[in-house]
Amino acid sequence: MTETEGMQETLPEEISSEPTSLQRESRIKQPLIWRNIIALTVLHILAVYLLAMNWSKATIWTWIFSPLYGFSAGLGITAGAHRLWAHRSYSAKLPLKIFLACLYCGAGQTHLTKWIRDHRTHHRFTETAADPHDANRGFFFSHVGWLMMKRHPAVIKYGSKIDMSDIRADGVIQFFDKYYAPIMVWLTFIMPTLLPVYIWHESWNISIYAVIIRYVWLLNATFSVNSFAHMWGNRPYNSKVKPTENPTVSVFTLGEGWHNYHHAFPWDYKASELGAYFLNGSCAFIETMAKLGLAYNLRTPRKETVEKQCLTKGDGTKSLWDGEYDDRGAKETVTLIHFSTTKFIIMEMRWITIVSLSSLNIRHF
């Protein structure tokens, strides 16, 4: 691990003096993209309908395969497009880059370059008119509405100024962008449909239905970081911005819900103060790759740096974690919850998640 306090990445500040006026920019009418509206609406209605069907005939292997494939594709977003390429929070050798690019294409979102540019723009111009999914415009817009209309002129103008030279020089990204359409269709829809049918003899109907549900679920897991994790939760690292600490989102996004921390330290490979694997699967993956020699230069701040950030800019609340750092500042002994009762409650600002468990006693991850 490397301490990078004081280093500047491509996007050194959340909001600089240049776009300050954008926070006061009046709304303009953005034409709707009916193709996207219809596609997203039909997909979600279909997914809800399929979820309500009788799944008793599905094989156990389909029940195992579908979520595993979904989480694997999610790693392509979280450990790949997000933490590796958008923020350069660690470095990866060629085999890992190719693997992550394949996983990303299995999520069926958009070209890598476009995803990375949008995310860098989001961090550079957070909560201004130049933010592609500005949370100030409400839950629906930040969740999915921004994909249903043409972009605000400020997003186009300021997004074009984002430094993407490192991405243009990355041969892996350029290859996968060039052949994105066929690779995405194969990895997102065709292959995960064929495998259950031909390997464990799942029915065509169930295999197709599972692919649709997985795809819509993964889309909304990604969307939730832009919406839920910008509205509900505490802000122990920076009380001046909307991003929050949302453990519920972290469960479904492999650790992307510790968003207040992430906006304070976007270059930390953990994207959270602590890398407890239970709620940060992406961290577990990156550290495993590092042990295998495929990932290196993992960047993370010192404990003192984080504590100073909390004291000077936080809202006074504390993280859910109670942990101790070692000399690297990355591994820790974490006591998440220690209850012998049947329930524990995680309370956020206006968000309560109740998870039923039997005899919970979790100490180490």
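Any Cβ shown, glycine's included, is placed from N, Cα and C.
Copied over from TrEMBL:
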type	residues	note
REGION	1-22	region 'Disordered'
TRANSMEM	32-52	transmembrane segment
TRANSMEM	58-81	transmembrane segment
DOMAIN	59-266	domain 'Fatty acid desaturase'
TRANSMEM	179-200	transmembrane segment
TRANSMEM	206-229	transmembrane segment
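Contact between the transmembrane segment (58-81) and the transmembrane segment (32-52) does not hold: fewer than three of their C-beta pairs are under 8 Å, each pair 6 or more apart in sequence. For the domain 'Fatty acid desaturase' (59-266), the model gives a mean pLDDT of 96.
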